[in-house]
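Over in Swiss-Prot, the protein carries these features:
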MOD_RES   Lys16  N6-succinyllysine
MOD_RES   Lys16  N6-acetyllysine
MOD_RES   Lys113  N6-acetyllysine
MOD_RES   Lys127  N6-succinyllysine
MOD_RES   Lys142  N6-succinyllysine
MOD_RES   Lys142  N6-acetyllysine
MOD_RES   Lys159  N6-acetyllysine
MOD_RES   Lys169  N6-succinyllysine
MOD_RES   Lys183  N6-acetyllysine
MOD_RES   Lys256  N6-acetyllysine
MOD_RES   Lys256  N6-succinyllysine
MOD_RES   Lys267  N6-succinyllysine
Amino acid sequence: MIVPLQGAQMLQMLEKSLKKYLPESLKVYGTIYHVNHGNPFNLKALVDKWPDFNTVVVRPQEQEMKDDLDFYTNTYQIYSKDPENCQEFLGSSEVINWKQHLQIQSSQSHLNKAIQNLASIHSLQVKHSENILYVVSETVRKLFPSLLDTKNLSPGSGKPKAINQEMFKLSSLDVTHAALVNKFWLFGGNERSQRFIERCIKNFPSSCVLGPEGTPASWTLMDQTGEMRMGGTVPQYRAQGLVSFVIYSQDQIMKKRGFPVYSHTDKSNTVMQKMSYSLQHLPMPCAWNQWICVPM
C-alpha cells in the first residue's frame, strides 16, 4: 500500500512521530520539518500505511523531476522502522523512479541491503558513502536528551575564536555567489549542482564572511533537508578559523528559527572533525548515508 500524506494535520503528525525515532530518523525528520514550514522545494511524503507506518519516503513531486540525469533534484530521504522488510515498498515506481539518475539519503546504514538489491534489479550502479553525522548539542538537548553525554562535549563555551572584523565582514550568500560555492563543493562542480545551490541560497538561510575584495572568503548554507552543507573557504584564507566562525553564525540563525541543526563530515576529514568538536557538535551513533544510483 502507498499512502500520500496530504494536509497540514497528517504532516504534523508525521513530524511528531518521527521525533520518537531520532537520531535514526533525522534526515527525514529535518526534511519534514521544512515541508511543514513552507515547503519551498515542493516535496511530498509517502508511507506504506497510516498512521502506524513502517517506512516513509520524502521526495519531490513528479513535475519537479523532469531531468532524468539530475540526482541533485531526484533525491529521496528514507526512514524505516523495519529496514529488513521495506524493499517491496521502495521498489514501487510510484515511490522511487528507478529509471532516473537518483540519490537516496538516510541516517540508516541498514537500508543498504534493500537499496543494493533494488539497484541490481533495475540495472543501476550504486555509490554508497557513509559519513559521520553531527548534531549541535542544543538540538540534542531539545530533541533527544538521552544522547547528551557531557563527557563528549568539548570544554569551553563552544564559541569559535574571534576573527579580524576589520578585514572580514559577516554576511549571507547571494545567488550570484553560487558559482563560487559550486567550484569548491566536493559533490558539485557542474551545471546541475549549481542550479541546486542557487535554489538553496534563494530559499534558505546562509552565512558567509566577505573578504577585503567584497566576495565570500568562507561560507555555509542549508539544503531542503535542513542540513548545514556545502561549507567552504577559498584557499588564500584557509587556516584562519573563518569556517568555524561562519558555521557558528549559521548555527545561531537556525536555532533562532527553531530548526534542528545538523551536518555531516567525511570520516577522513580530521580537520572538520576537530572543528565540530570545538563547536560542541556531537557525533551520532548512526551515520549519514548517501546512495547515488546511475543506470548502467
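Including glycine, each Cβ sits where the backbone N, Cα and C put it.
Shown here: features listed in Swiss-Prot, placed on the structure.
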{"residue": "Lys16", "record": "N6-succinyllysine", "contacts (Cβ under 8 Å, 6+ apart)": "none"}
{"residue": "Lys113", "record": "N6-acetyllysine", "contacts (Cβ under 8 Å, 6+ apart)": "Pro83, Glu84"}
{"residue": "Lys127", "record": "N6-succinyllysine", "contacts (Cβ under 8 Å, 6+ apart)": "Trp291, Ile292, Val294"}
{"residue": "Lys142", "record": "N6-succinyllysine", "contacts (Cβ under 8 Å, 6+ apart)": "none"}
{"residue": "Lys159", "record": "N6-acetyllysine", "contacts (Cβ under 8 Å, 6+ apart)": "Tyr248, Leu279"}
{"residue": "Lys169", "record": "N6-succinyllysine", "contacts (Cβ under 8 Å, 6+ apart)": "Val209, Leu210"}
{"residue": "Lys183", "record": "N6-acetyllysine", "contacts (Cβ under 8 Å, 6+ apart)": "Gly189"}
{"residue": "Lys256", "record": "N6-acetyllysine", "contacts (Cβ under 8 Å, 6+ apart)": "none"}
{"residue": "Lys267", "record": "N6-succinyllysine", "contacts (Cβ under 8 Å, 6+ apart)": "Glu130, Asn131, Ile132"}
> What does DSSP call Lys267 (N6-succinyllysine) in the simple three-state scheme?
Replying inline: coil
> Three states by DSSP: which one describes Lys159 (N6-acetyllysine)?
Replying inline: coil
